[in-house]
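Sequence annotations record features per position, and here TrEMBL assigns active site, pros-phosphohistidine intermediate to His116. According to TrEMBL, the ATP binding site annotation covers Lys10, Phe58, Arg86, Thr92, Arg103, Asn113. Per TrEMBL, domain 'Nucleoside diphosphate kinase-like' is recorded for 2-137.
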Amino acid sequence: MDQKSLVLVKPDGVRKHLIGEIIARFERRGLKICALKMLVMTKDQAKYHYAEHVDKPFFPELEAFITGGPLVAMIVEGPNAIKAIRTMMGVTDPIESTPGSIRGDFALDKGENVIHGSDSPEAAEREIKNFFKPEEIY
Ligand code: UDP
């Protein structure tokens with residue numbers, strides 16, 4: 001079944017010139033980019049996006065990082081896209097991520113870990129609304 005995932009190339013990924021590399025991996029896999037933009041996240045957007053983490057001790061640092069520079073937001077679509085993308089990303093801590101995964105190849109830091117991908121269809125629906133109007137999705 002086709003699913004949509006909200007993917008972010010986080011500000012560290014943009015700084016490391018990884019936008020093309022990450023999009024290329026999804027496209028080569030057969031996934032489709034159906035919406036795409038560059039933006040700087042507002043604090044309100046960050047609090048909505050990371051609602052489950054706002055009370056965690058690492059949130060102030062996470063908020064400063066995620067709002068601290070331009071990022072690329074996209075919607076990636078395809079069969080079982082959510083699981084496929086989570087596997088391609090690697091796990092939250094890049095040190096534990098398999099080489100060959102995006103975090104396993106391009107990150108070392110648990111906070112600055114290059115990429116976000118939705119972890120469920122419900123999360124994807126909620127997260128997509130934070131970045132895209134319906135008419136921006138192709
Ligand atoms: N994060 C962090 N410190 C932690 C855990 C998470 O800075 O101890 C950040 C990190 O950028 C991570 C994001 O918060 O990607 C969201 O955490 P989550 O557990 O949802 O991981 P993800 O779904 O991104 O793998």
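All residue numbers here begin at 1 and follow the chain in the order shown.
Cβ coordinates are placed from backbone N, Cα and C, and glycine is handled just like the others.
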Residue among the binding-site residues Thr92, Asn113 whose Cβ has the most other Cβ atoms within 10 Å | Asn113
Between Lys10, Arg86, Arg103, His116, which of the recorded positions has the fewest other CB atoms within 10 angstroms in the structure shown?
-> Arg86
From the binding-site residues listed here (Lys10, Phe58, Arg86, Thr92, Arg103, Asn113), select those whose CB sits under 6 A from an atom of ligand 1.
-> Phe58, Thr92, Asn113
Taking the Cβ of Phe58 (ATP binding site) as the reference point, list residues of the same chain whose Cβ is under 8 angstroms away and which are at least six residues distant in sequence.
-> Gly111
Give me the Cα-Cα distance between the residue listed as 'active site, pros-phosphohistidine intermediate' and Thr92 (ATP binding site), rounded to a whole Å.
-> 9
DSSP three-state call for Phe58 (ATP binding site): helix, strand or coil?
-> coil
Check the domain 'Nucleoside diphosphate kinase-like' (2-137) for me and report the mean pLDDT.
-> 98
According to DSSP, how is the domain 'Nucleoside diphosphate kinase-like' (2-137) divided among helix, strand and coil residues?
-> 63 helix, 30 strand, 43 coil
